[in-house]
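Enquirer: One structure coming up, written as C-alpha cells, with questions to follow.
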Amino acid sequence: MELPIEDVRVRKVLDSRGNFTVEADVYIPGGFGRTSAPAGASTGETEVIAFSKKGIDESIKFFETNVRRSIIGFNALDQKGFDALITDLDGSGNFSNLGGNLSTALSMSVAKAVSAHLGIPLYRYVGGINHSMPRPIGNVIGGGKHARNGTSIQEFLVSAQGKTFMESAYVNVLVHRKIGDILSEKMKDISIGVGDERAWSVNISDEEAFEVLNQAVNEVSSETKVKIYTGLDFAADSLYENGKYVYKHTVRSRDEQIDYAISINKDFGVYYIEDPMFDTDFEGFAEITKKIGDKAMIVGDDLYTTNPDRIRKGIELGSTNAVLIKVNQIGTLTKAQEAASLASSAGLKNVVSHRSGETTDDFLAHLSVAFSSTFVKTGTIGGERIAKLNELMRIEECLTS
C-alpha cells in the first residue's frame with residue numbers, strides 16, 4: 001500500500017510571542033495534516049538550526065526551490081524514509097538550510113495526514129498499543145530567558161499527582177493562582193507580571209521564590225488532598241560565564257553548583273531537576289545523579305537536545321535518569337522517537353516538552369502519550385498551553401472509556 005503525497009503548502013504564522021514561525025500542510029489521498037512549529041528562547045548549542053541564517057523567508061524559499069518537487073509523490077507511509085529524505089535535501093547536517101522548525105512541521109504533518117487517512121489518533125499511529133498518560137508539569141514562577149527581571153533560575157515547576165490527568169492539570173492551575181495571591185499580598189510594592197510561558201515573573205531572589213512556591217504547594221495540597229511535586233529548570237547554560245555560574249546575588253564554582261543542585265533536593269524536597277549544569281558537563285550531571293538520582297529526576301535538555309548520539313554518551317556516563325524530548329531540537333519525528341526509545345531502553349524516563357514560543361498545535365500532547373512519557377511539560381495557563389492540556393484530557397477520555 002502506498003499513500004503518495006499529493007501537495008504540500010508552507011506559510012508563515014505567528015507564535016505566542018508574536019514572532020513568525022512556520023506551518024506546513026500535507027495532502028495525501030483521504031488524509032490531511034497541518035503542523036505549526038514552536039520556537040525556543042533558551043536553546044541548546046547542539047540543537048538543529050531553527051531557520052536559515054538569512055531568516056524564515058529564506059528557509060521557505062529553500063523549501064520551494066530544493067525540497068517541494070522531491071517530496072511530491074513520496075509514500076507518506078514511510079515516515080522514516082521521508083524524514084531521511086528531507087534531511088538529505090537540506091544537506092547541512094543541522095538543518096541550517098531548510099530550518100529545523102520547517103523540517104519539524106513537515107515531518108509531523110506527514111504523520112498527521114497518515115493518521116487521518118487511517119482514521120486513528122496520532123498517538124496511536126506513532127505509539128501503537130504501547131502508550132500511557134503522562135502527568136502534567138508546568139512553570140508557575142519564571143525567570144532566566146523566559147522573563148525580564150525575574151529569578152535567576154529559569155523555571156519553578158509543579159506537578160500535581162491527581163487521580164486523573166484532568167484533576168492534575170487543574171490542581172497545577174490552582175497552584176499558579178495561589179502563587180499570584182501570595183505574591184500580591186507579600187510584594188505590594190513590586191511589579192508582578194508573567195513571562196513567555198505565563199508563569200509569574202517578579203523581581204525576587206531564588207530563595208524567596210522557593211518560599212512562595214512551597215507555601216502555595218502546601219496550601220493547595222492541603223485544600224485538594226492531592227500530592228504535588230515541585231521542580232526546577234536551572235537552564236544552567238544561561239547562568240554559565242567563564243567557568244562559573246552567575247546568579248543575581250552570588251557566583252558559584254562548578255563544585256558549588258553541583259552541591260547547590262543536590263541541596264535543592266535535600267533541603268526543599270524538589271523532585272524534578274532539569275539542566276543543573278552547563279551542557280558539556282556530562283560528568284557534573286553524573287555526580288548529581290549519583291548522589292540523588294534515587295530520590296529525584298535529573299533531566300537533560302540542553303545537555304542532550306533530543307540528539308540520540310548525545311543521549312548515548314549520557315547513558316554511558318550515567319549523567320541523568322531522564323531525557324527531555326523536543327522535536328524541533330532534532331528536526332524530525334523519526335529522530336525524536338529514536339531519542340525517546342533509546343532513553344527508555346536504558347531505563348531512563350522521558351519528558352515531552354513545549355517551547356517558550358508556542359502555537360496552538362497539540363502534536364506534543366499526542367507524542368507524550370505515544371512515547372509513554374512520565375511528564376508532559378506544557379505550562380499551566382495560556383491558550384497555547386491549554387490547547388495541549390485539553391487535548392490530553394480528550395485522549396484520557398478515549399483511553400478510559
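Cβ atoms are placed via backbone N, Cα and C, with glycine included.
It should be emphasised that the depicted structure is a prediction, and the values quoted were computed from it without experimental measurement.
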Enquirer: Looking at the Mg(2+) binding annotation from Swiss-Prot, with Glu274, Asp301 already listed, which candidate in Asp233, Asp237, Asp255, Asp361 is the matching residue?
Expert: Asp233
Enquirer: In Swiss-Prot, the residues Gln154, Arg355, Ser356, Lys377 are said to bind (2R)-2-phosphoglycerate. Which of Lys178, Lys186, Lys326 is said to bind at that same site?
Expert: Lys326
Enquirer: Taking only the recorded positions Glu197, Asp233, Glu274, Asp301, which one has a CA atom nearest to the CA atom of Ser356 ((2R)-2-phosphoglycerate binding site)?
Expert: Glu197
Enquirer: Between the Cα atoms of Lys326 ((2R)-2-phosphoglycerate binding site) and Asp301 (Mg(2+) binding site), find the distance and write it as a whole number of Å.
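Expert: Distance between the two Cα atoms comes out at 9 Å.
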Enquirer: What is the nearest of the recorded positions Glu197, Asp233, Glu274, Asp301 to Gln154 ((2R)-2-phosphoglycerate binding site), using the Cα of each?
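Expert: Checking each of Glu197, Asp233, Glu274, Asp301 against Gln154 ((2R)-2-phosphoglycerate binding site), the shortest Cα distance is to Asp233.
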Enquirer: Quick check: in three-state DSSP terms, what is Asp233 (Mg(2+) binding site)?
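Expert: Its secondary structure by DSSP: strand.
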Enquirer: Given the recorded positions Glu197, Arg355, Lys377, which lie within 10 A of Asp301 (Mg(2+) binding site) by CA-CA distance?
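Expert: Correct set: empty; none qualify.
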Enquirer: Distance check, please: Cα of Glu274 (Mg(2+) binding site) against Cα of Arg355 ((2R)-2-phosphoglycerate binding site), rounded to an integer number of angstrom.
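Expert: So the Cα of Arg355 ((2R)-2-phosphoglycerate binding site) lies 14 Å away from that of Glu274 (Mg(2+) binding site).
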Enquirer: Taking the Cβ of Arg355 ((2R)-2-phosphoglycerate binding site) as the centre, how many other Cβ atoms fall within a 10 Å radius?
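Expert: Taking every protein chain into account, the count is 27.
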